[in-house]
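Peer 1: Could you have a look at this structure, given as C-alpha coordinates, before my questions?
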Amino acid sequence: MNLTKVWNTTLGSLQVQLPRHEYNTWVRGATLLEIDNGVAIVRAPNAFIKEGLESRYLATLREQLGSVVGFPVDVRVVLASPDFERFDGAPHNGRSTENETRRTAQSLPLQPGSSSNGVNHPLERTPPQQLELHRAVRSSMLNPRYTFDRFIIGPSNRLANAACMAVAEHPAQAYNPLFLYGGVGLGKTHLLHAIGNFVLDRDPEVNVLYVSSETFTNDLINSIRRQQTEEFRIRYRNIDILLIDDIQFIAGKEQTQEEFFHTFNTLHSAGKQIVISSDRSPKAILTLEERLRSRFEWGLIVDVQMPDLETRTAILRAKAEQSPVPVPQPVIDFLAQRIQSHIRELEGCLNRVTAFAQMYNVPVTIEVATAALSELLDTNRRKRVTPDAILREVAAFYSVDLRALQGRSRSRNIVIPRQVAMYLLREETDSSLMEIGQLLGGRDHTTVMYGCEKITEELNSDARLRQEVATIRERLLHSAG
(Lines of atoms letter the chains of each structure in order from A and count residues from 1; the text may use other names and numbers.)
(Lines give C-alpha, C1' and ligand atoms only; values in the text may rest on other atoms or scores of the structure.)
Protein backbone atom coordinates (compact mmCIF):
# COMPACT_ATOMS: atom_id res chain seq x y z
CA MET A 1 0.00 0.00 0.00
CA ASN A 2 1.37 3.38 -1.00
CA LEU A 3 0.88 5.62 2.03
CA THR A 4 1.65 8.77 0.06
CA LYS A 5 -1.15 8.12 -2.41
CA VAL A 6 -3.57 7.09 0.34
CA TRP A 7 -2.90 10.25 2.36
CA ASN A 8 -2.97 12.60 -0.64
CA THR A 9 -6.33 11.18 -1.69
CA THR A 10 -7.63 11.58 1.86
CA LEU A 11 -6.37 15.17 2.02
CA GLY A 12 -8.03 15.94 -1.30
CA SER A 13 -11.37 14.78 0.10
CA LEU A 14 -10.92 16.68 3.35
CA GLN A 15 -9.87 19.87 1.54
CA VAL A 16 -13.15 19.80 -0.36
CA GLN A 17 -15.23 18.76 2.64
CA LEU A 18 -13.93 21.05 5.40
CA PRO A 19 -14.04 24.84 5.64
CA ARG A 20 -10.76 26.42 4.56
CA HIS A 21 -9.70 27.64 7.99
CA GLU A 22 -10.40 24.23 9.57
CA TYR A 23 -8.46 22.33 6.93
CA ASN A 24 -5.48 24.69 7.10
CA THR A 25 -5.44 24.82 10.89
CA TRP A 26 -6.02 21.18 11.83
CA VAL A 27 -5.44 18.85 8.90
CA ARG A 28 -2.90 20.28 6.45
CA GLY A 29 0.14 19.72 8.66
CA ALA A 30 -0.70 16.14 9.67
CA THR A 31 0.93 13.12 8.03
CA LEU A 32 0.12 9.43 7.72
CA LEU A 33 2.88 7.23 9.18
CA GLU A 34 1.48 3.74 8.73
CA ILE A 35 -1.60 1.55 8.52
CA ASP A 36 -1.20 -1.73 10.39
CA ASN A 37 -3.83 -4.24 11.51
CA GLY A 38 -6.62 -1.81 10.68
CA VAL A 39 -5.08 1.08 12.65
CA ALA A 40 -3.88 4.23 10.88
CA ILE A 41 -1.16 6.19 12.69
CA VAL A 42 -1.48 9.91 11.94
CA ARG A 43 1.26 12.25 13.12
CA ALA A 44 0.43 15.75 14.38
CA PRO A 45 3.09 18.48 14.22
CA ASN A 46 2.44 19.65 17.80
CA ALA A 47 0.34 18.95 20.87
CA PHE A 48 -2.21 21.61 19.97
CA ILE A 49 -2.97 19.98 16.60
CA LYS A 50 -2.97 16.51 18.17
CA GLU A 51 -5.60 17.55 20.70
CA GLY A 52 -7.72 19.16 17.99
CA LEU A 53 -7.59 16.12 15.71
CA GLU A 54 -8.50 13.80 18.56
CA SER A 55 -11.36 15.93 19.84
CA ARG A 56 -12.86 17.07 16.52
CA TYR A 57 -11.81 15.01 13.52
CA LEU A 58 -11.26 11.35 14.45
CA ALA A 59 -14.60 10.24 13.00
CA THR A 60 -14.00 12.21 9.81
CA LEU A 61 -10.49 10.78 9.44
CA ARG A 62 -11.77 7.24 10.00
CA GLU A 63 -14.49 7.70 7.40
CA GLN A 64 -12.26 9.25 4.73
CA LEU A 65 -9.32 6.90 5.22
CA GLY A 66 -11.63 3.89 5.23
CA SER A 67 -13.22 5.08 2.00
CA VAL A 68 -9.80 5.40 0.34
CA VAL A 69 -8.27 2.08 1.46
CA GLY A 70 -11.49 0.12 1.08
CA PHE A 71 -11.74 -1.30 4.59
CA PRO A 72 -12.60 0.06 8.06
CA VAL A 73 -9.72 1.66 9.92
CA ASP A 74 -9.28 3.11 13.36
CA VAL A 75 -7.15 6.24 13.72
CA ARG A 76 -4.55 6.98 16.36
CA VAL A 77 -2.92 10.41 16.50
CA VAL A 78 0.67 10.65 17.69
CA LEU A 79 2.91 13.61 18.34
CA ALA A 80 5.69 14.53 15.91
CA SER A 81 9.09 13.21 16.93
CA PRO A 82 12.60 13.88 15.63
CA ASP A 83 12.91 10.11 15.11
CA PHE A 84 10.52 10.27 12.15
CA GLU A 85 11.03 11.95 8.79
CA ARG A 86 8.15 13.37 6.76
CA PHE A 87 7.31 10.83 4.06
CA ASP A 88 7.71 11.73 0.40
CA GLY A 89 4.72 13.47 -1.09
CA ALA A 90 3.29 14.70 2.18
CA PRO A 91 1.88 18.20 2.02
CA HIS A 92 4.44 20.73 3.07
CA ASN A 93 4.98 24.42 2.76
CA GLY A 94 8.21 24.30 0.82
CA ARG A 95 10.54 25.24 3.70
CA SER A 96 12.04 23.40 6.61
CA THR A 97 10.27 23.54 9.93
CA GLU A 98 13.28 25.30 11.43
CA ASN A 99 13.26 28.06 8.83
CA GLU A 100 9.51 28.40 9.00
CA THR A 101 9.54 28.68 12.77
CA ARG A 102 12.30 31.27 12.63
CA ARG A 103 10.40 33.35 10.11
CA THR A 104 7.04 33.25 11.80
CA ALA A 105 8.42 33.65 15.29
CA GLN A 106 10.35 36.74 14.34
CA SER A 107 7.17 38.36 13.07
CA LEU A 108 5.55 38.38 16.50
CA PRO A 109 6.90 39.93 19.68
CA LEU A 110 6.26 37.76 22.72
CA GLN A 111 7.59 40.05 25.42
CA PRO A 112 7.78 43.76 25.90
CA GLY A 113 10.94 45.25 24.41
CA SER A 114 13.27 47.58 26.20
CA SER A 115 11.68 50.58 24.53
CA SER A 116 8.34 52.01 25.56
CA ASN A 117 8.03 54.53 22.74
CA GLY A 118 6.32 52.19 20.29
CA VAL A 119 9.51 51.31 18.39
CA ASN A 120 9.75 47.59 17.72
CA HIS A 121 12.93 45.73 18.69
CA PRO A 122 13.79 42.05 18.36
CA LEU A 123 12.64 40.40 21.54
CA GLU A 124 14.42 37.67 23.41
CA ARG A 125 12.63 34.37 23.94
CA THR A 126 13.44 32.08 26.82
CA PRO A 127 12.77 28.34 27.29
CA PRO A 128 10.02 28.86 29.88
CA GLN A 129 8.02 30.57 27.13
CA GLN A 130 8.19 27.62 24.76
CA LEU A 131 4.49 26.82 24.96
CA GLU A 132 3.63 30.47 24.45
CA LEU A 133 5.97 30.54 21.45
CA HIS A 134 4.18 27.60 19.87
CA ARG A 135 0.87 29.37 20.27
CA ALA A 136 2.29 32.59 18.85
CA VAL A 137 3.82 30.79 15.88
CA ARG A 138 0.47 29.22 15.09
CA SER A 139 -1.37 32.50 15.17
CA SER A 140 1.23 34.41 13.19
CA MET A 141 1.97 31.68 10.66
CA LEU A 142 2.66 32.89 7.15
CA ASN A 143 2.45 30.21 4.50
CA PRO A 144 5.46 30.78 2.20
CA ARG A 145 3.56 29.22 -0.72
CA TYR A 146 1.14 32.13 -0.68
CA THR A 147 3.02 34.80 -2.63
CA PHE A 148 2.07 37.35 -5.25
CA ASP A 149 3.98 35.35 -7.86
CA ARG A 150 1.71 32.37 -7.27
CA PHE A 151 -1.52 34.34 -7.26
CA ILE A 152 -3.45 33.87 -10.50
CA ILE A 153 -4.85 37.22 -11.61
CA GLY A 154 -8.11 37.61 -13.52
CA PRO A 155 -10.94 40.10 -13.87
CA SER A 156 -12.47 38.90 -10.60
CA ASN A 157 -9.45 39.73 -8.43
CA ARG A 158 -7.29 42.18 -10.38
CA LEU A 159 -8.13 45.19 -8.20
CA ALA A 160 -7.63 43.24 -4.98
CA ASN A 161 -4.22 42.02 -6.12
CA ALA A 162 -3.13 45.53 -7.13
CA ALA A 163 -4.30 47.00 -3.82
CA CYS A 164 -2.48 44.34 -1.80
CA MET A 165 0.70 44.83 -3.81
CA ALA A 166 0.52 48.58 -3.19
CA VAL A 167 0.12 47.98 0.54
CA ALA A 168 3.03 45.52 0.60
CA GLU A 169 5.31 47.94 -1.23
CA HIS A 170 4.30 50.99 0.83
CA PRO A 171 2.78 49.90 4.17
CA ALA A 172 0.50 52.46 5.82
CA GLN A 173 0.97 54.82 2.88
CA ALA A 174 -1.29 53.44 0.16
CA TYR A 175 -4.53 52.19 1.71
CA ASN A 176 -4.99 51.96 5.45
CA PRO A 177 -6.95 50.00 6.32
CA LEU A 178 -7.35 47.75 3.30
CA PHE A 179 -10.57 45.73 3.52
CA LEU A 180 -11.01 42.68 1.25
CA TYR A 181 -14.33 40.90 1.08
CA GLY A 182 -15.82 38.04 -0.91
CA GLY A 183 -16.99 34.44 -0.65
CA VAL A 184 -14.97 31.57 0.75
CA GLY A 185 -12.06 30.19 -1.23
CA LEU A 186 -11.57 33.17 -3.54
CA GLY A 187 -7.99 34.03 -2.57
CA LYS A 188 -8.39 36.57 0.24
CA THR A 189 -6.24 34.57 2.64
CA HIS A 190 -3.64 34.03 -0.09
CA LEU A 191 -3.39 37.79 -0.56
CA LEU A 192 -3.04 38.45 3.16
CA HIS A 193 -0.19 35.95 3.37
CA ALA A 194 1.35 37.39 0.19
CA ILE A 195 1.52 40.83 1.80
CA GLY A 196 3.28 39.43 4.84
CA ASN A 197 5.71 37.31 2.82
CA PHE A 198 6.56 40.21 0.50
CA VAL A 199 7.27 42.56 3.41
CA LEU A 200 9.39 40.04 5.32
CA ASP A 201 11.38 39.12 2.21
CA ARG A 202 12.36 42.79 1.89
CA ASP A 203 12.93 43.41 5.59
CA PRO A 204 12.93 40.48 8.04
CA GLU A 205 12.96 42.91 10.97
CA VAL A 206 9.41 44.12 10.28
CA ASN A 207 6.92 42.76 12.79
CA VAL A 208 4.10 41.13 10.82
CA LEU A 209 1.18 39.37 12.45
CA TYR A 210 -1.29 37.24 10.51
CA VAL A 211 -4.18 36.04 12.62
CA SER A 212 -7.79 35.00 12.24
CA SER A 213 -10.47 36.87 14.16
CA GLU A 214 -11.28 33.59 15.91
CA THR A 215 -7.72 33.36 17.21
CA PHE A 216 -7.84 37.01 18.26
CA THR A 217 -11.01 36.28 20.23
CA ASN A 218 -9.58 33.12 21.83
CA ASP A 219 -6.37 34.91 22.78
CA LEU A 220 -8.40 37.68 24.39
CA ILE A 221 -10.52 35.21 26.36
CA ASN A 222 -7.45 33.32 27.55
CA SER A 223 -5.67 36.52 28.55
CA ILE A 224 -8.67 37.59 30.64
CA ARG A 225 -8.89 34.16 32.26
CA ARG A 226 -5.17 34.24 33.10
CA GLN A 227 -5.24 37.93 34.05
CA GLN A 228 -2.72 38.70 31.29
CA THR A 229 -4.58 41.35 29.32
CA GLU A 230 -1.54 43.64 29.30
CA GLU A 231 0.54 40.93 27.63
CA PHE A 232 -2.26 40.45 25.10
CA ARG A 233 -2.23 44.16 24.24
CA ILE A 234 1.55 44.24 23.90
CA ARG A 235 1.40 41.25 21.57
CA TYR A 236 -1.22 42.74 19.28
CA ARG A 237 -0.24 46.39 19.40
CA ASN A 238 3.55 46.21 19.23
CA ILE A 239 3.57 45.24 15.54
CA ASP A 240 4.04 46.95 12.20
CA ILE A 241 1.49 45.13 10.06
CA LEU A 242 -1.70 43.41 11.21
CA LEU A 243 -3.29 40.96 8.77
CA ILE A 244 -6.58 39.77 10.23
CA ASP A 245 -8.70 37.17 8.47
CA ASP A 246 -12.48 36.59 8.63
CA ILE A 247 -13.26 39.67 10.69
CA GLN A 248 -16.99 38.94 10.40
CA PHE A 249 -16.68 36.47 13.27
CA ILE A 250 -16.18 39.24 15.84
CA ALA A 251 -19.67 40.55 15.04
CA GLY A 252 -21.93 40.24 18.07
CA LYS A 253 -18.97 39.70 20.43
CA GLU A 254 -19.08 42.88 22.48
CA GLN A 255 -15.84 42.51 24.42
CA THR A 256 -13.89 41.33 21.36
CA GLN A 257 -15.12 44.31 19.35
CA GLU A 258 -14.17 46.65 22.18
CA GLU A 259 -10.63 45.28 22.31
CA PHE A 260 -10.23 45.25 18.54
CA PHE A 261 -11.49 48.84 18.35
CA HIS A 262 -8.69 49.99 20.67
CA THR A 263 -6.14 47.77 18.90
CA PHE A 264 -7.16 49.29 15.56
CA ASN A 265 -6.91 52.83 16.93
CA THR A 266 -3.49 52.22 18.48
CA LEU A 267 -2.03 50.74 15.31
CA HIS A 268 -3.61 53.22 12.92
CA SER A 269 -2.59 56.28 14.94
CA ALA A 270 0.97 54.91 15.12
CA GLY A 271 1.13 54.65 11.33
CA LYS A 272 0.94 50.85 11.24
CA GLN A 273 -0.71 48.97 8.37
CA ILE A 274 -3.96 47.07 8.88
CA VAL A 275 -5.38 44.62 6.31
CA ILE A 276 -8.72 42.95 6.97
CA SER A 277 -10.63 40.22 5.17
CA SER A 278 -14.28 39.26 5.47
CA ASP A 279 -16.90 37.23 3.65
CA ARG A 280 -19.05 40.37 3.30
CA SER A 281 -18.69 44.13 3.14
CA PRO A 282 -18.61 46.20 6.36
CA LYS A 283 -22.16 47.42 5.76
CA ALA A 284 -23.38 43.81 5.46
CA ILE A 285 -21.95 42.70 8.84
CA LEU A 286 -25.17 43.40 10.68
CA THR A 287 -24.07 43.10 14.32
CA LEU A 288 -20.79 44.96 13.83
CA GLU A 289 -20.49 48.09 15.96
CA GLU A 290 -20.90 51.28 13.95
CA ARG A 291 -17.62 52.74 15.20
CA LEU A 292 -15.74 49.71 13.82
CA ARG A 293 -17.69 49.78 10.57
CA SER A 294 -16.80 53.43 10.03
CA ARG A 295 -13.11 52.72 10.63
CA PHE A 296 -13.12 49.82 8.20
CA GLU A 297 -14.44 52.27 5.61
CA TRP A 298 -11.62 54.78 6.16
CA GLY A 299 -9.36 53.14 3.60
CA LEU A 300 -10.08 51.04 0.52
CA ILE A 301 -12.77 48.36 0.31
CA VAL A 302 -12.29 45.78 -2.46
CA ASP A 303 -14.65 43.04 -3.59
CA VAL A 304 -13.05 39.70 -4.58
CA GLN A 305 -15.43 37.94 -6.94
CA MET A 306 -15.88 34.40 -8.22
CA PRO A 307 -13.24 33.43 -10.81
CA ASP A 308 -14.43 33.22 -14.41
CA LEU A 309 -13.72 30.24 -16.66
CA GLU A 310 -10.43 31.65 -17.94
CA THR A 311 -9.17 32.31 -14.42
CA ARG A 312 -10.27 28.88 -13.18
CA THR A 313 -8.42 27.29 -16.07
CA ALA A 314 -5.27 29.29 -15.31
CA ILE A 315 -5.46 28.34 -11.62
CA LEU A 316 -5.75 24.66 -12.46
CA ARG A 317 -2.97 24.86 -15.03
CA ALA A 318 -0.62 26.41 -12.48
CA LYS A 319 -1.58 23.79 -9.91
CA ALA A 320 -1.16 20.98 -12.46
CA GLU A 321 2.43 22.07 -13.13
CA GLN A 322 3.23 21.01 -9.56
CA SER A 323 1.45 17.67 -9.92
CA PRO A 324 3.44 14.43 -9.66
CA VAL A 325 1.57 13.11 -12.71
CA PRO A 326 0.85 14.83 -16.05
CA VAL A 327 -2.56 16.48 -16.27
CA PRO A 328 -3.67 16.96 -19.91
CA GLN A 329 -5.31 20.20 -20.99
CA PRO A 330 -8.68 18.50 -21.71
CA VAL A 331 -8.86 17.42 -18.07
CA ILE A 332 -8.00 20.93 -16.89
CA ASP A 333 -10.75 22.31 -19.14
CA PHE A 334 -13.19 19.68 -17.85
CA LEU A 335 -12.52 20.57 -14.21
CA ALA A 336 -12.67 24.31 -14.89
CA GLN A 337 -16.07 23.85 -16.53
CA ARG A 338 -17.52 21.52 -13.92
CA ILE A 339 -16.16 23.07 -10.69
CA GLN A 340 -17.68 26.51 -10.91
CA SER A 341 -17.26 27.59 -7.32
CA HIS A 342 -14.16 28.67 -5.44
CA ILE A 343 -10.42 28.13 -5.69
CA ARG A 344 -10.14 25.83 -2.70
CA GLU A 345 -12.58 23.39 -4.24
CA LEU A 346 -10.81 23.61 -7.60
CA GLU A 347 -7.45 22.73 -6.07
CA GLY A 348 -8.93 20.06 -3.83
CA CYS A 349 -10.58 18.37 -6.80
CA LEU A 350 -7.37 18.39 -8.82
CA ASN A 351 -5.49 16.89 -5.86
CA ARG A 352 -8.08 14.15 -5.60
CA VAL A 353 -7.93 13.37 -9.32
CA THR A 354 -4.14 13.09 -9.44
CA ALA A 355 -4.01 11.01 -6.26
CA PHE A 356 -6.73 8.74 -7.67
CA ALA A 357 -4.73 8.26 -10.87
CA GLN A 358 -1.57 7.48 -8.89
CA MET A 359 -3.34 4.99 -6.67
CA TYR A 360 -4.74 3.01 -9.58
CA ASN A 361 -1.65 3.58 -11.76
CA VAL A 362 -3.62 5.04 -14.66
CA PRO A 363 -3.12 8.22 -16.70
CA VAL A 364 -5.24 11.26 -15.89
CA THR A 365 -8.17 11.44 -18.32
CA ILE A 366 -11.65 12.93 -18.26
CA GLU A 367 -13.02 9.48 -17.43
CA VAL A 368 -10.61 9.11 -14.51
CA ALA A 369 -11.48 12.62 -13.29
CA THR A 370 -15.18 11.79 -13.46
CA ALA A 371 -14.64 8.60 -11.45
CA ALA A 372 -12.46 10.33 -8.86
CA LEU A 373 -14.99 13.12 -8.36
CA SER A 374 -18.15 11.10 -8.83
CA GLU A 375 -19.52 11.84 -5.37
CA LEU A 376 -18.81 15.55 -5.61
CA LEU A 377 -20.15 15.87 -9.14
CA ASP A 378 -23.28 13.93 -8.26
CA THR A 379 -23.82 16.35 -5.36
CA ASN A 380 -23.14 19.57 -7.22
CA ARG A 381 -24.39 19.01 -10.72
CA ARG A 382 -27.92 18.71 -12.10
CA LYS A 383 -29.23 21.42 -9.81
CA ARG A 384 -28.55 24.74 -11.53
CA VAL A 385 -30.41 24.60 -14.84
CA THR A 386 -33.53 23.15 -16.40
CA PRO A 387 -33.77 21.10 -19.62
CA ASP A 388 -35.65 23.94 -21.30
CA ALA A 389 -32.89 26.39 -20.41
CA ILE A 390 -30.26 24.09 -21.92
CA LEU A 391 -32.20 23.69 -25.16
CA ARG A 392 -32.75 27.44 -25.47
CA GLU A 393 -29.10 28.24 -24.76
CA VAL A 394 -27.77 25.65 -27.22
CA ALA A 395 -30.12 26.87 -29.93
CA ALA A 396 -29.14 30.49 -29.30
CA PHE A 397 -25.41 29.73 -29.23
CA TYR A 398 -25.44 27.83 -32.53
CA SER A 399 -28.01 30.19 -34.10
CA VAL A 400 -30.44 27.39 -34.92
CA ASP A 401 -34.19 27.34 -34.53
CA LEU A 402 -35.33 25.67 -31.30
CA ARG A 403 -38.01 23.73 -33.17
CA ALA A 404 -35.40 22.43 -35.61
CA LEU A 405 -33.18 21.36 -32.69
CA GLN A 406 -36.09 19.37 -31.28
CA GLY A 407 -37.22 18.11 -34.68
CA ARG A 408 -36.17 15.28 -37.01
CA SER A 409 -33.72 17.15 -39.24
CA ARG A 410 -30.39 15.37 -39.80
CA SER A 411 -28.48 18.22 -41.44
CA ARG A 412 -24.99 18.76 -40.00
CA ASN A 413 -25.72 22.28 -38.76
CA ILE A 414 -28.44 20.74 -36.57
CA VAL A 415 -26.88 17.36 -35.68
CA ILE A 416 -23.85 18.76 -33.82
CA PRO A 417 -25.87 21.25 -31.70
CA ARG A 418 -28.37 18.48 -30.95
CA GLN A 419 -25.60 16.16 -29.74
CA VAL A 420 -24.20 18.96 -27.59
CA ALA A 421 -27.68 19.42 -26.13
CA MET A 422 -27.87 15.67 -25.42
CA TYR A 423 -24.51 15.81 -23.67
CA LEU A 424 -25.43 18.83 -21.53
CA LEU A 425 -28.85 17.44 -20.66
CA ARG A 426 -27.17 14.23 -19.52
CA GLU A 427 -24.45 16.03 -17.55
CA GLU A 428 -26.40 18.90 -16.02
CA THR A 429 -29.86 17.50 -15.29
CA ASP A 430 -31.48 14.41 -13.82
CA SER A 431 -33.13 13.55 -17.13
CA SER A 432 -32.89 9.91 -18.22
CA LEU A 433 -31.74 8.92 -21.71
CA MET A 434 -35.35 8.23 -22.65
CA GLU A 435 -36.51 11.63 -21.36
CA ILE A 436 -33.73 13.38 -23.28
CA GLY A 437 -34.78 11.52 -26.41
CA GLN A 438 -38.36 12.71 -25.97
CA LEU A 439 -37.17 16.31 -25.63
CA LEU A 440 -35.26 16.00 -28.90
CA GLY A 441 -37.81 14.73 -31.36
CA GLY A 442 -38.78 11.43 -29.81
CA ARG A 443 -35.40 9.74 -30.33
CA ASP A 444 -34.66 6.43 -28.59
CA HIS A 445 -32.20 6.07 -25.74
CA THR A 446 -29.49 4.42 -27.88
CA THR A 447 -29.38 7.49 -30.15
CA VAL A 448 -29.01 9.74 -27.12
CA MET A 449 -26.30 7.50 -25.66
CA TYR A 450 -24.39 7.61 -28.95
CA GLY A 451 -24.65 11.40 -29.09
CA CYS A 452 -23.39 11.79 -25.51
CA GLU A 453 -20.49 9.40 -26.05
CA LYS A 454 -19.52 11.11 -29.30
CA ILE A 455 -19.33 14.54 -27.65
CA THR A 456 -17.44 13.10 -24.66
CA GLU A 457 -14.87 11.55 -26.99
CA GLU A 458 -14.45 14.68 -29.10
CA LEU A 459 -14.00 16.88 -26.04
CA ASN A 460 -10.67 15.11 -25.48
CA SER A 461 -9.27 16.22 -28.83
CA ASP A 462 -11.33 19.15 -30.16
CA ALA A 463 -10.29 22.40 -28.46
CA ARG A 464 -12.91 24.40 -30.33
CA LEU A 465 -15.71 22.12 -29.15
CA ARG A 466 -14.40 22.30 -25.57
CA GLN A 467 -14.56 26.08 -25.74
CA GLU A 468 -18.07 26.01 -27.18
CA VAL A 469 -19.36 23.68 -24.46
CA ALA A 470 -17.58 25.74 -21.79
CA THR A 471 -19.16 28.96 -23.07
CA ILE A 472 -22.64 27.44 -23.06
CA ARG A 473 -22.09 26.18 -19.52
CA GLU A 474 -20.97 29.63 -18.39
CA ARG A 475 -24.08 31.21 -19.87
CA LEU A 476 -26.29 28.62 -18.22
CA LEU A 477 -24.62 29.20 -14.86
CA HIS A 478 -25.03 32.97 -15.08
CA SER A 479 -28.66 32.73 -16.18
CA ALA A 480 -29.42 30.27 -13.37
CA GLY A 481 -27.56 32.30 -10.74
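Glycine is treated like the rest: Cβ placed from N, Cα and C.
As the structure is a computational prediction, the values presented were derived from the model and not from experiment.
When I checked Swiss-Prot for this same protein, it listed these features:
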BINDING   G185, G187, K188, T189  ATP binding site
COMPBIAS  87-103  compositional bias 'Basic and acidic residues'
COMPBIAS  104-119  compositional bias 'Polar residues'
REGION    1-71  region 'Domain I, interacts with DnaA modulators'
REGION    71-140  region 'Domain II'
REGION    87-128  region 'Disordered'
REGION    141-357  region 'Domain III, AAA+ region'
REGION    358-481  region 'Domain IV, binds dsDNA'
Peer 1: Tell me, if you would, which residue among G185, G187 (binding-site residues) has the fewest other CB atoms within 10 Å in the structure shown?
Peer 2: G185
Peer 1: According to DSSP, does K188 (ATP binding site) sit in a helix, a strand, or coil?
Peer 2: helix
Peer 1: If you average the pLDDT over the region 'Domain IV, binds dsDNA' (358-481), what number do you get?
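Peer 2: Reported value for the region 'Domain IV, binds dsDNA' (358-481) is a mean pLDDT of 84.
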Peer 1: Going along the chain, which residues six or more apart from K188 (ATP binding site) have their CB under 8 A from its CB?
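Peer 2: For K188 (ATP binding site), the qualifying residues are A160, L180, Y181, G182, D245, S277, V304.
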Peer 1: Please report the number of other Cβ atoms within 10 Å of the Cβ of T189 (ATP binding site).
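Peer 2: Within a 10 Å radius of the Cβ of T189 (ATP binding site) lie 24 other Cβ atoms.
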